[in-house]
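Single-structure report; data block below.
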Amino acid sequence: EWDVVETQEHYRSRWRSVRILYLTMFLSSVGFSIVIMSIWPYLQKIDQTADASFLGWVIASFSLGQMVASPLFGLWSNYRPRKEPLIVSIFISVAANCLYAYVHVPAAHNKYYMLIARGLVGFGAGNVAVVRSYIAGATSLQERTSAMANTSTCQALGFILGPVFQTCFALIGEKGVTWDIIKLQINMYTAPVLLGAFLGILNIILILFILREHRVDDSGRQCKSMNFQEETTDEVHNPEGSIDQVAVVATNVLFFVVLFIFALFETILTPLTMDMYAWTQEQAVLYDGIILAVLGVEAVIVFMGVKLLSKKIDERALLLGGLVVVWVGFFILLPWGNEFPKVQWQDLHNSSIPNTTFGEIIIDLWNSPREDHSEQPTGCPIEQTWCLYTPVIHLAQFLTAAVLVGIGYPACNVMSYTLYSKVLGPKPQGMYMGWLSASGSAARILGPVFISHVYTYLGPRWAFSLVCGIVVLTISLMGAVYRRLVAFSVRYGRIQE
């Protein structure tokens, strides 16, 4: 079933296909990240009944769609050419992006149309399981870490340029231009998703005409037959070893926590900065976009560093170190001191405000220049009662925490699914990668819902304290399964570690 020596032609074709998937992941991540910072202000614009809690559900809907789709696309890729699930999934994302551009059109329930659109985009994003499965099957054990790191680097570059493009689109403004014939508004909220749809079409063309099917074993030997069903049956009944299911489950849990942490950080970024620093919606889109772009640059540097360090340091140690750095970041993010955030007193009747106590605040608000009297108030909403007694998170404190999370998250991300692919061994990994992606998607569902509700009702002190506790438990789990997270071929003595 396996050739002893790989031909140069096969080697070039194999890496050409892998690099096409690098590009696919880059373009897809641009399309996904280009709207993330504008969801909250756009949601408030199209539906005044939407609050921060509903924002959590909108962001979670993306991950719910991905969680449902990942195992399905992964299973599909085990038995059919992997082009098929890739093209179908990207087409679904393109259609969903077009729907998102029209969520302002209905007369009511606009927030639910946005919920559906983001859910369908997430369903299309389930193809990440196919991409990881392909790269795991098309690389040897020695090539695996580098290939996975390159995949993550391309994703990170996409997440850099996504916010950059979004920042550029912010110059269009909320009004933008309207194409009356097809009822299309092109503004700072819809232009990014239209670009995402275009990039999806480009991805389909690249996959259709350039991607080829390739598989090698852990030693890099070429697979002669591409009959997926027969190959799967033969390998499943291979008596030489079985997959360590404890390691599989533990890695899924680790990946879940890693994605959970980043999802909640990404979700809370805009509400937190608007509450703590009294940023307007446009300022939040601009400044948070810049912050995410910088974190993306940082992630690229971390991915390149991890690729080099993994040659000298155990990959499990890198994963454990990343978790520790993330814990330190969220611990720094806890509110300290006696200074409090600016509160939205505009929402209260004047008679309910004791002038002797808050007179200076009212005068400042009254005298503050406004270009548009319909502009929404800034600061921490009085409905969030914790605003009255929770200290402000200083900007330097927030940025320091963001840098640390930006170091720990990419290291944990790439190491967790690299170790996972090695634990699984040479068998087709589509279904297993589907479950890994599903666990990450579940984290992206629960993370936004968790942080938006805890933050809204209890405040950042409770929210970030709970996150610190979760990370401590995860570090304990990592220590418990540390010795089991080894490559399949190493476990059975076929390759020396």
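Here, residue 1 is simply the first one shown, and the rest follow in order.
From the backbone N, Cα and C atoms, a Cβ is placed for every residue, glycine too.
Per TrEMBL, these features apply:
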DOMAIN    17-491  domain 'Major facilitator superfamily (MFS) profile'
TRANSMEM  20-42  transmembrane segment
TRANSMEM  54-74  transmembrane segment
TRANSMEM  86-103  transmembrane segment
TRANSMEM  115-135  transmembrane segment
TRANSMEM  156-173  transmembrane segment
TRANSMEM  193-211  transmembrane segment
TRANSMEM  246-265  transmembrane segment
TRANSMEM  285-306  transmembrane segment
TRANSMEM  318-337  transmembrane segment
TRANSMEM  398-420  transmembrane segment
TRANSMEM  432-456  transmembrane segment
TRANSMEM  462-482  transmembrane segment
- Message: If contact means at least 3 Cβ pairs within less than 8 Å, sequence distance 6 or more, would you call the transmembrane segment (285-306) and the transmembrane segment (398-420) in contact?
- Response: yes
- Query: Which range out of 20-42, 54-74, 156-173, 398-420 gives the transmembrane segment (246-265) the most CB pairs under 8 Å?
  - Reply: 398-420
- Query: Which stretch from 54-74, 115-135, 193-211, 318-337, 432-456 shares the most C-beta pairs under 8 Å with the transmembrane segment (86-103)?
  - Reply: 115-135
- Task: Please indicate, using numbers and ranges, the residues of the same chain that are 6 or more beyond the transmembrane segment (20-42) and have a C-beta under 8 Å from a C-beta there.
- Result: 52, 55, 58-59, 62, 86, 90, 93, 97, 100, 114, 118, 121, 125, 127-128, 131, 134-135, 150-151, 154-159, 161-163, 165-166, 169-170, 188-189, 192-193, 195-197, 199-200, 202-203, 206-207, 210-211, 266, 269-271, 281-282, 284-285, 288-289, 292
- Task: Take the transmembrane segment (432-456) and find every residue of the same chain, 6 or more past its ends, with a Cβ under 8 Å from one of its Cβ atoms.
- Result: 51-53, 55-57, 59-60, 62-68, 70-75, 122, 126, 128-130, 132-133, 136, 248, 251-253, 255-264, 267-268, 271-272, 384, 417, 420-421, 424, 462-463, 466
- Across the domain 'Major facilitator superfamily (MFS) profile' (17-491), the model's average pLDDT, rounded to a whole number, is 82
- Note on the structure: Taking the transmembrane segment (115-135) as reference, the highest number of CB pairs under 8 angstroms among 54-74, 156-173, 398-420, 462-482 goes to 54-74
- Determine which residues of the chain contact the transmembrane segment (156-173) at the Cβ level, with the cut-off under 8 Å and only residues 6 or more beyond its ends counted. 25-38, 186-188, 191-192, 195, 282, 285-286, 288-290, 292-293, 295-297, 299-300, 303, 410
